[in-house]
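Participant: Reproduced below are the annotations present in TrEMBL:
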DOMAIN    A:68-279  domain 'ABC transmembrane type-1'
DOMAIN    A:363-558  domain 'ABC transmembrane type-1'
TRANSMEM  A:61-93  transmembrane segment
TRANSMEM  A:105-131  transmembrane segment
TRANSMEM  A:154-178  transmembrane segment
TRANSMEM  A:215-237  transmembrane segment
TRANSMEM  A:257-281  transmembrane segment
TRANSMEM  A:306-334  transmembrane segment
TRANSMEM  A:362-385  transmembrane segment
TRANSMEM  A:405-427  transmembrane segment
TRANSMEM  A:433-454  transmembrane segment
TRANSMEM  A:483-504  transmembrane segment
TRANSMEM  A:537-558  transmembrane segment
Amino acid sequence: MSGGAYSLWSLRAVALGCVSLGILAPVAAGMWQTVRAAFGSLPAIGAFGPDAGPWADLLAMPGLLAAVRLTIVTGLGATVLSLMVAIGVCAALHGRRSPRLAARVLVPFLAMPHAALAIGLAFVLAPSGWIGRAMAPWLGWDRPPDLATVNDPWGLALILGLMIKEVPFLLFVLLSALTQIPVRQQMAAGRALGYGRGMVWIKVILPQLWPLIRLPVMIVLAYGMSVVDMALILGPSNPPTLAVMLTRLFSNPDLRLLLPASAGGLLQLGLVIAAFALVWLVQRGLRVLGGCWVRRGRRGGWTEPGLALTVVVLSGLVVLGGLAMSAMLVWSFAWRWPWPALVPDSWSLRAWMAPAGGWGRALGHTVVIALCSAGLSLLLAIAWLEGEDRARRGRARWAEVLVHVPLLVPQVSFLFGMNILLLRLGLSGSLLAVIWAHSLFVFPYVMLALAAPWRALDPRLGRTAAALGAGPWRRLIGIKLPVLLAPVCAAAAIGVAVSVAQYLPTLFIGAGRVPTLTTEAVTLAASSDRRVTGVYASLQAALPFLAYLLAFALPAIVHRNRRDLRGQVPE
Amino acid sequence: MTQIALAAVTVLALSAPAGAEDWQATLDAARGQTVYWNAWGGDDRTNAFISWVGQETERRHGVRVAQVKLSDTAEAVTRVVSEKAAGQDSGGAVDMIWINGPNFLAMKEQGLLHGPFVADLPNARYLDLTPGSANTLDFTVPVDGLESPWRLARFVFNHDTARVDVPPATMAAFVDWAAVNPGRFTHPAPSNFMGATFLKQALIELVPDPAALQAPVSDASYAAATAPLWDWYEALRPNLWRGGTVFPENQSVLQQLLNDGEIDMAMSFDPASTAAAIAQGLLPDTVRVFVPEGGSIGNVSFVAIPYNAANRDGALVVANFLLDPATQAHMQNIEVLGSFSVLDPSRLDEAGRAAFAALPTAPALPTLEALGPTLLEPHASWMTRLTDDWARRYTR
């Protein structure tokens, strides 16, 4: 048994080693390169720091303050609004609708890549877009009104686009967190004491929920503040958000701008950290003030209309998201579709007919990268969780937080530095490097999806098998994995969806030599042919959707005669 | 076998005496290479043309072309810079770049380009390379054989005749037109070369002393030359689309706005693009091209090869193929790309001239005469100064 114990311990060591060497070290090294460049040290372009010049240059950039303000407003705004809507919807619908049903309705929205959604939404919202066209006959518009409904200087379109993605994500997170809280009993108790439903949620359930959803909320916040593809398509342009501004600086022909761009990368990181600090402060403040408020015992019947409103908002978001995706599919089959026609004047398959010239290669890359990075991440996640089981140690919380570092640090802050390192190793621009870069961001999501169901697995199953003489590998392959098939499939699907949506890592690490549907779609979003863009956006959205479909179908088929093992996707 | 090869070399040597053996060596070395051509990928017709070029060079010379579609040419420059930063002086990821003006100047100044190579290309004999000609200057910066021409660009406006009867005749007249039709015209952001060209076109018309623009900019010359421009722009901007607070990213997005009916006039750096877009179903068939009375800015599009390109020989073969008279005629075909050729008609042989004469025409395709005189690009330093100044004034 002692030899066994040794090998059991080593699986955990391997998993931890992979994570720290494969994920944390490169992020830290990339960050270090950025820090050096931010203080004027980039020997390749003849900059031998340290000096504060890059910061002075950065501060002198026109529109920097406005870009910072925009970043804060759109990032924080989208996160707070999404959280409010998600919690409101949970409160309004919990106990009335089956959470499993809700999860299925949300899936298309989880699957939808940001870029594809943004491209479609830009058409739906524009004054000459679908909504405008539907209103034109009623309002007598003979030409589109001159209103900034997309790329508006306030970033409202960007906030809306982010919300369409983030509300379903947070709802999903909330639904799975709620399974750990006895909501029904607490609600009954609260209602019996005369509290409104919304008030029970705010005063009783939310405080218990918060620790469970804090990390996902932070991820949403960091993402919203540093997103590039969506901000490029939906956000304002003059100035854009900080992340877009920095992406432009990083690719400016004037190479000296790499230095202020790196300084900007640190500023971006600082903004995200400041936002985290703000969240922490609010949390502390609420703990004190909220306690007093709860003790005053107001019953709050006034929350009911608020709950109804959040359901209306969610419905609106769902409709907009659905319209956005349909718009791109319709465009891909259009030939002429001029204002103010609601459907194309003429149709054509031309955009779909040339896979060799365009989308075929991008589709191939996207599929290979998604399958490899999701597969790798899944293996690593299983190794990690199984190692944890075998070492009979509790979850290593510090390690768990570190896993999510790539999701919490803005991509634009470390990817340029990381690429310098990859170039030194001669790996930049290879398919392998892109797969690895994607895994940085895929792995945390796969862990997030798999960890809870894995840990919730009834330990008696394993003990029974062990008592019957099954070794650790047999227990893993014969018992755990089959029982966990549904969550494993779901985690894989999430991994595929995350990989398909990656923009900046593909662009920076892929050296532009590994075009994927995402990079091509974002490039084409600034082109004159929405029909071709429609093909890329539709394909980009179809891939993760297919993955989710498979993730639902596979356990249902394999376990068709095992009622309790069918499709219990994260609950 | 050896005799045939020898005969082939002899024939080549006879037809192009200078460097024919070197060229054969280049062709041999290039066989089997894949050239990563970094080119702006926002135009589907250009992408299709590049893909056609790849098929042809593979068929003829065994050289494949993979287009790296850029949303901004600077991405390729950055890549070469990062490679140099990492000490990767050979085997670089970028083999060829479709490059212009400021990007060329940046790479030339940093010593990031291979060459001079243009004079060694066999098909360079069809080019007018006399000093001072359009093929030897890129934004007044001497080309010095470091980039090879492949298509001709002329700045033009286009307008939807269903909405606009008489377009503005001069740049100054745009102010009056926009005052009557607020929100119906805009230009790409000047951080994009199209938007910058719009400002330069106006600058050339409004500048008190046009000669000043051909010299590098100085503080004094800049202030004097641009004062009328900013007065003009201040009057124009409030009546632009979205009140001049939002600007489209590039000319493709601008064309999309014209197609959507959000604006009535747009602009392009390709006189044939309007006819091409109509044929593609991307513009209403009522759109026509116009240029201001005094003519418009013109320049040549080039391809350059980075100093560390992994497939340099392949890139040379592709650059040479682009200058083949048959290739240039195919490119000028309105049904293919519709870009005007960079070759000098007087240097073409009988077959070359016939290929150009046989090209089809289209109602929205302007004649060379209708385009008026070609105005020279100002020195590249003017553009940088102008776009920086615009950003400082209007980025809020």
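Backbone N, Cα and C define each Cβ position, glycine as well.
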Participant: Could you name the stretch, out of A:257-281, A:306-334, A:405-427, with the greatest number of CB pairs under 8 A to the transmembrane segment (A:537-558)?
Facilitator: A:306-334
Participant: Looking only at residues six or more beyond either end of the transmembrane segment (A:257-281), which have a C-beta under 8 A from one in the stretch?
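Facilitator: Contacts of the transmembrane segment (A:257-281) (Cβ under 8 Å, skipping residues fewer than 6 from its ends): 34-40, 42, 45, 47, 53-55, 57-58, 61, 68, 71-72, 75-76, 217-218, 221-222, 225-226, 242-243, 245-246, 249-250, 408-410, 412-414, 416-417.
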Participant: Using a Cβ-Cβ cut-off of under 8 Å, list the residues of the same chain that are 6+ residues beyond the ends of the transmembrane segment (A:433-454) and lie near it.
Facilitator: 19, 22-23, 26-27, 176, 215-216, 368-370, 372-374, 376-378, 380-382, 384-385, 395, 400, 403-404, 406-407, 415, 418, 422, 427, 480, 484, 486-488, 490-492, 494-495, 498-499, 502, 505-506, 508-510, 514, 568, 570
Participant: Counting CB pairs under 8 Å, which listed stretch among A:154-178, A:215-237, A:362-385 touches the transmembrane segment (A:405-427) the most?
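Facilitator: Most Cβ pairs under 8 Å with the transmembrane segment (A:405-427) come from A:215-237.
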Participant: Taking the transmembrane segment (A:154-178) as the first stretch and the transmembrane segment (A:61-93) as the second, find out whether 3 or more Cβ pairs fall under 8 Å, excluding pairs closer than 6 in sequence.
Facilitator: yes
